[in-house]
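**Q** Below is a structure I'd like to ask you about.
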Amino acid sequence: MKKASDPPQPDPQDALAALQQKLAGLGESSMRKSYYPELQERLEELERFKALLDHSNESIFLIEVSTGRIVDLNDAASRQTGWSRDELLQQSLFDLSNLQQSPAAEALVRSPEETGSVRMLAVTELHRKDGGRFPAEITLNRMQFRENSYVLAVARDITQRKAMEEALRESEEFLKNIVDHIPAVVFAKEVQGLRFVTINKACQEVFGLSRAEVLGRTNYDLFPKEQAEFFTKMDRETLAKGELVEVPEETITTANGDRILRVKKIPLFDNQGKERFLLGIAEDITERKQLEEKLLQSQKMEAIGQLAGGVAHDFNNILMVILGYGSILLNEGALPARQKEQVEQIMNAADKAAKLTSDLLAFSRKQVIKPATMNLNDIILHVEKFLSRIIGEDVQLKARLAPRELQVDVDRGQIEQVLINLATNARDAMPKGGLLTIETSSLQIDEAFVQANGIGAPGPYAVISISDTGVGMDEQTRRRIFEPFFTTKIVGKGTGLGMSIVYGIIQQHNGFVNVYSEPQLGTTFRIYLPFSEKSADRALEPQAPDTPPGGVETILVVEDEPDLRLLLQNILSGAGYRVLLAENGQVAVEQYAAGARGEIALVLMDMIMPGMSGKEACHAIRAIEPAAKVLYTSGYTMDIIKSRDLLEEGTELLMKPVRPLELLKKVREMLDR
Ligand code: ADP
Ligand code: MG
C-alpha cells in the first residue's frame, strides 16, 4: 500500500498482494484448503472488477479531499491524458482540468466538511501531457470511506459529441440563413394553439413586426378579428386535409398598411405521422395586384376609346347627311313656317349630336392636335379668369404657379379644354362653395416612380395639380371616372364625357393623369406633361426672368375699347414698334388699304366688336393682302375658345386679359414666321 489510509476500493493488484500475505500467515493446510476456494473466487472477482474499470472509456480518478491528491485512477485516465499512472498520482484534479473555474466544483472537492451537494456534473476541459486539451464531462461524487472523505471523479471525453453539436448548430444556422434569405414570407405555427414558432426576415418585414413580437402569438394577437378568423379557418382546414392548401389572395392589415398575400399552407408531420406544425409560404403580391389593375384599367380605356372613336366616326358621316339635307331644306325657302321650325329643331338636335361625337373623338384621340412649345404657366394664366367664371362666386380660385417656365409641347386649346372640364367638375362637387386650387410644378420622374405607378416614362415633367374641397369620391366611383358616359349626376346635368376627354387629351400628349380623392374631403387631379424636348435640358434649371422682345415693324391695333386701345399702343410702342390705331373693323380695313403694300406687318384685332366683326374685317383685309398676318384677342366665352379650330391660316388667338410679355412674345413670334 502506498498510502497510509485505505482507499475504499483498493487497487486489485494491491488487494492480491495483501491476500497473499494473509494466506502466508495461515499455518494449517486444512484451513488453507477450506479458505482457498473462497479467496480464489474473491480474487477473480477483484480482477474482473479491475478489468472492468480499466476497459471503461471513462477516466476515473479517486481524490483524497484532505490533500486534494489523486490517489487512484484507472487505465483510461492514463490513456486519455497521456500521463503515466505515477505521473497522475503526483497531480491534483485541478492541475489536470479547468475545474477551478467552477466554484461549485471547488467547494465539492476541496471543502473539508461536507457542505451542500455531494454530487455534481461539470463540463470542463482535461489537459493532456502533450499540452493538448479535450472537452470532458465530469461527474463528481463525494463520499465517506472509513474516517476519510473522497471524491470519485468520472470524466467522459465529449470531443465527438461537441463536434456533432457544433455541426448541428452550423447546419441549423445554415438552414436558418437560407430560410431568412428566401424572398418569400415563411412562417410556422404549432398545431395546438396555432402560435407562431418561426418566422423569417421577409415575414418580419411584411408584418412590420420583430421576431420577438410575433413568436408565441396567435393570429388573433396580431391581426384584426375578421382576418384572424379567416386565417385560422384556413389553418385548420389545411391541418384537417393533411395536404397543401393554397389561398390565392388574402389581405393582412399591418403597421405598413394593407398587404395582399398569396399563401401556401402545408402541414408538417412528426415520425408517427401526426401533424406537428403548419408551414406557411407566402408571396407579397400587393404591388403586382396594383399594377395589374392599372394595366387592366388602361386596356379597358384603350378598348373603349377604339369603340367610341369608331362609332363617332361613322356617326359623324350620318350626321353630315342629316345636317346637309336639313340645310338644303331650310334654304329651299318654299317651306311653310311651321315645317321650317321643325327642320330647325332637327338641325339643333343634330348639332348637339355633332358636339357629342366631337367630344367622343377627343377622348378616342382621333382628333388632330396642333402642338406648339409653350409655357404651361401662361396657359393657366390665360384661362384663370374664365375658370373663375365657370366655378361661380361661391368657389374661390387660387393659382400657385411654379416660378420657372414649364415648357411643354401642347395643343393649347386642348389643355384649356382639360382645365375647363376639371373646373366644371369641381364646381359640381362644391355646390355649397369651397376652394379650387391650381398649382404647377416640375418633377423629375425616375424609374422607381414609373414602376410604382405603372405609368409614364422617366424624364422631366411639368405637373398641374387641381384640387377642390368638394364632395370627393369613393373608391368605386374613382375607378370609373375616365369611362365615357360614366356619370353620377342627374339626367341632363352630366354627360359623363368630361373626364374621358381629359384622359384622351392627356394621353395624346404623352402625359398621364392621377386622381386622389377622399369622400367628403375633396379631390386632387394631377396631370403630368413631359417637358418639351427643346427645353428639357434646361427645364429643371432656374431660369432668368424674360426680357420682353421688341421690334420696329408697323402694327395695326384694332380695338373698340378706348382704354384698352391705349394700353396696347403703349405696350407695343414701348417695345419699339410703330403703332397704327383703329376703333373698329371698318376703319381698320380702310387704314390697311391706305398703307403701302407690306407696310403693316401685323394686325392685332379684337375678335368681337360692334359693327364689322374681327373675322369679317380679317376677310376684307385678306382680300387686299392674302398673306396678311392677323392676331386676334378675345374675351372669355366658351364658344370663342371652341371656335379656335375655325381660325384661318396665318391667324392666332390671344385671350384677354393679355399680359404685356405674353403679347410681345406672340407678336414677335408671328412677325418672325
Ligand atoms: P360628368 O361631369 O358629366 O358627370 P365626367 O366625366 O366629367 O362626367 O365625370 C364623371 C364623374 O366623375 C362625375 O359624375 C363625378 O361622379 C366624378 N367626378 C369627376 N370630378 C370630380 C370631382 N372633382 N369631385 C367629385 N367627383 C368628381
Ligand atoms: Mg364633367
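Yeah, the Cβs are placed from backbone N, Cα and C, and that goes for glycine too.
Per TrEMBL, the feature domain 'PAS' maps to 45-94, 171-242. Here TrEMBL flags 114-170, 246-297 as domain 'PAC'. Residues annotated as domain 'Histidine kinase' in TrEMBL: 310-533. Taken from TrEMBL, the feature domain 'Response regulatory' covers 554-671. Here TrEMBL flags ASP606 as 4-aspartylphosphate.
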**Q** Give the residue counts of the domain 'PAC' (114-170) per reduced DSSP state, in the order helix, strand, coil.
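**A** Output for the domain 'PAC' (114-170) reads 12 helix, 32 strand, 13 coil.
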**Q** On the DSSP side of things, how many residues of the domain 'PAS' (45-94) fall into helix, strand and coil, could you say?
**A** 24 helix, 12 strand, 14 coil
**Q** So for ASP606 (4-aspartylphosphate), how many other CB atoms are inside 10 Å of its CB?
**A** 24
**Q** When secondary structure is assigned with DSSP, how many helix, strand and coil residues does the domain 'Response regulatory' (554-671) contain?
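**A** The domain 'Response regulatory' (554-671) comes out at 55 helix, 27 strand, 36 coil.
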